[in-house]
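Student: Handing you this structure, nothing more for now.
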Amino acid sequence: MERPNLPKELPEDIEDKKEAAQGWFQSLRDALCAEFEQLEDELAGPLSDQTPGRFVAKDWQRENGEGGGGRMSMMEGRVFEKVGIHTSTVYGEFSPDFRSQIPGAEEDPRFWASGLSLIAHPVNPNVPTVHMNTRMVVTTSQWFGGGCDLTPMLNRRRTQEDTDSVLFHRAMQIVCDRHKVADYQRYKAWCDEYFYLKHRNESRGIGGIFFDWLHSTEEAGGWDADFAFTRDVGRAFSMVYPRIVRSNFNETWTEEDRDEQLIRRGRYVEFNLLYDRGTIFGLKTGGNVESILSSLPPVVRWP
């Protein structure tokens, strides 16, 4: 999607808005960690004789304690082979070669960004991998961005008619339809366009929503409306994905299913390293490399 021309002005209470956004991302992180640990506890099918996983949190700082930092929460368990739920709040200056890619950064290279990112790689091939992130960015402009997308591991489940796909898309449509500043059809198409592996001519998953540069006019509700939608995206995800996990995580699987899962994970690696905007942003702004690359699956296979 073409990048819009965002207003080059910040509200007088921008610091209060930053604090509110940062606080929300941190509270959502804590709620999601609790929910994912609950899923670990509930498993009753294969591997239920193993110990449920628990998150291990690790705080980090940029540039010798300057420029902000974040918290990296990782879990390896019997439901999730690897799941990371991370928050960060960073600030500084964009490098000269990166400024032209960020709205408002060419006039002034200083930036502030806060957000949450989640990626889950389940053990059971019947349970789809998922990615979700929401963020607020401030330069000489300010905006929200984010999205959720679902990646089934098994080809027989990679259809728009699959129960998981229908449920996930419906949840995303409902949350968009509740907010005048959101546009479900546009965000759905944007997701399909964004999460596409051009070199393989295939989609990463079955889609979801993706949005960026969300800066609504005061007539449309302004920052408050954008923030309300961003919060609701997190809430919608926290309801729909655990439901999908619970409907699949007690199913059995075969060695062929596992092989298919590992090959599909390889596509995930390819996308994140070649195309993902968040990965590039994090590496370009001195983010925590361990946290940025934690989105990669733990075990992968290329045929």
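Cβ atoms are placed via backbone N, Cα and C, with glycine included.
When I checked Swiss-Prot for this same protein, it listed these features:
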type	residues	note
ACT_SITE	HIS131	active site, proton donor
BINDING	SER117, ASN133, THR134, ARG135, GLY286, GLY287, ASN288	substrate binding site
BINDING	HIS121, HIS131, HIS169, HIS199	divalent metal cation binding site
REGION	268-303	region 'Important for dimerization'
SITE	HIS199	site 'Important for dimerization'
Student: With Cβ-Cβ distances below 8 Å as the criterion, list the same-chain residues six or more beyond the ends of the region 'Important for dimerization' (268-303) that contact it, or say none.
Tutor: 60, 62-63, 67, 69-70, 72, 74, 76, 81-82, 84, 86, 88, 90, 92, 94-95, 98, 111, 113, 117, 119, 121, 129, 131, 133, 151, 194-195, 197-200, 204, 212, 259, 262
Student: Tally of helix, strand and coil residues over the region 'Important for dimerization' (268-303) according to DSSP?
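Tutor: DSSP classes over the region 'Important for dimerization' (268-303) add up to 22 helix, 0 strand, 14 coil.
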Student: What's the CA-CA gap between ASN288 (substrate binding site) and HIS169 (divalent metal cation binding site) in angstrom, rounded?
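Tutor: Cα-Cα distance, ASN288 (substrate binding site) to HIS169 (divalent metal cation binding site): 32 Å.
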Student: For ARG135 (substrate binding site) and HIS169 (divalent metal cation binding site), determine the Cα separation and express it in whole Å.
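Tutor: Just about 21 Å between their Cα atoms.
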Student: Among SER117, ASN133, THR134, ARG135, GLY286, GLY287, ASN288, listed as contacts of substrate, what is the widest Cα spread in Å, to the nearest whole number?
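Tutor: Site span for substrate, by Cα atoms: 19 Å.
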Student: Out of SER117, HIS131, GLY286, GLY287, which of these recorded positions is nearest HIS199 (divalent metal cation binding site) by C-alpha distance?
Tutor: HIS131
Student: In whole Å, how far does the CA atom of HIS121 (divalent metal cation binding site) lie from that of the residue listed as 'active site, proton donor'?
Tutor: 9
Student: I'd like the Cβ neighbour count for SER117 (substrate binding site), meaning other Cβ atoms within 10 Å of its Cβ, all protein chains included.
Tutor: 25
Student: Provide, as an integer number of angstrom, the distance between the C-alpha atoms of GLY286 (substrate binding site) and the residue listed as 'active site, proton donor'.
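Tutor: Cα-Cα distance, GLY286 (substrate binding site) to the residue listed as 'active site, proton donor': 22 Å.
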Student: Far apart in sequence but close in space: which same-chain residues, 6 or more away, have a Cβ under 8 Å from GLY287 (substrate binding site)?
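Tutor: In sequence order, the residues whose Cβ lies under 8 Å from that of GLY287 (substrate binding site) (at least 6 apart) are ARG62, SER88, VAL90, PHE281.
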